[in-house]
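So the structure is just underneath, and the comments pick up after that.
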């Protein structure tokens, strides 16, 4: 098998992957700030790095995969106050929702999933080291800030110079920072903040800044110098740049060898965002599309390329995944292990070792599917199923998927409000004793892949079948 090459954002080039310890990989990925439901951009990030860790394990590495949870943050505090609930109640609720969404997408749980609030002592310890090393200072407002100008290599990840950054910076007169570019390590508590938002420290009661959370958790769990750090492209600056400044300022050594960033999800060629109103939660998407279809939609594009979200692209992903399942419908794969000497497997491995090029790897799956359709050969069916499994695909019984996909196609991906409108029409028909019409609507919905279940008290629930 060819050696793995990874595009390293720090080097701005593909590099041979050489782990610090032979046969072992330590990888940290920035996770979710849990104050709302996860969106399709989060889905892309977790699926991308799920595939990275799956391939590293398939290549024989012993992987320690850490993906954190940010459970204290300004957004969390604001949302808890708006909702009139505790921070702990809010974060617990959205952690549960996050896990349900990621499980649905077939994302394997990380080896370690630390919560920021469990690592406050380690964060304070790192801040004290930075202060001792001359990188941190306490401002007049009580915040502890990082002095960016003290770190000579600031900007090495993003390619941004301090001069260019300062030219674009505007700072309010009340700002207590020594420099507009300095960033907060420890935020002094404010009287209006709710219980559970601060911890005691030598700097006074307060809470950690976002950037120090990941530095402290990464260094504590993986060591002060580890192999891979990943996250979305939007985290490259300032978050990951600041992580480097903090970690290397505290330890005096290289923080991470390989930095990986997945591309944006776009809608109509614009980055998906709440402010533009083109924002879709995972839950909303899963109301319309099977979770494996969504995963396939993400996987078939290279992780660094923009991913264009639309119903047209998801419908096409469903049709493409249907082709792969159809190839397995009437052929039982044999029970032998994956044969890496086989030509398709070698091309698949070459694609994955070329910076996790899932777009090419998926093309190999379609080549295999064509051969399976032509030969009906169980050994080739096994290769198809095993290789797809490395991407988290084709794990279901083909007939089950195909039946569901056919129903979804018949619906034309019916919107939930359209389904509810038909249910309301059925209720009205029953109230008018027009049972033939009520039965017709039920049958029509079932034909469209929607099953109804009448509940005691007169309510009706629906599900896709």
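Here the Cβ of each residue, glycine as well, is placed from N, Cα and C on the backbone.
Annotation for residue 214 (Zn(2+) binding site): spatial neighbours 28, 30, 68, 239, 243, criterion Cβ-Cβ under 8 Å with sequence separation of six or more. The Zn(2+) binding site annotation in Swiss-Prot covers 30, 214, 239, 243, and the record cites sequence analysis as its basis.
Sequence annotations record features per position, and here Swiss-Prot assigns ATP binding site to 274.
Within its own chain, the motif ''HIGH' region' (32-42) is flanked in space by residues 69-71, 73, 75-76, 78-80, 90-91, 94-95, 97-98, 101-102, 232, 264-265, 272, 279-283, 285, 294, 309, which lie at least six positions past its ends and keep a Cβ under 8 Å from the stretch. The feature motif ''HIGH' region' is assigned by Swiss-Prot to 32-42.
Sequence annotations record features per position, and here Swiss-Prot assigns motif ''KMSKS' region' to 271-275.
Annotated Zn(2+) site 30, 214, 239, 243; additional same-chain residues within 8 Å of its Cβ mean position, judged by their own Cβ, are 210, 211, 213, 215, 218, 229, 231, 235, 240, 242. Neighbours of residue 30 (Zn(2+) binding site), defined as other CB atoms within 10 A of its CB across all chains, total 23. In the predicted model, residues of the motif ''KMSKS' region' (271-275) average a pLDDT of 75. By the criterion of other Cβ atoms within 10 Å of the residue's own Cβ, the least surrounded of the binding-site residues 239, 243 is 239.
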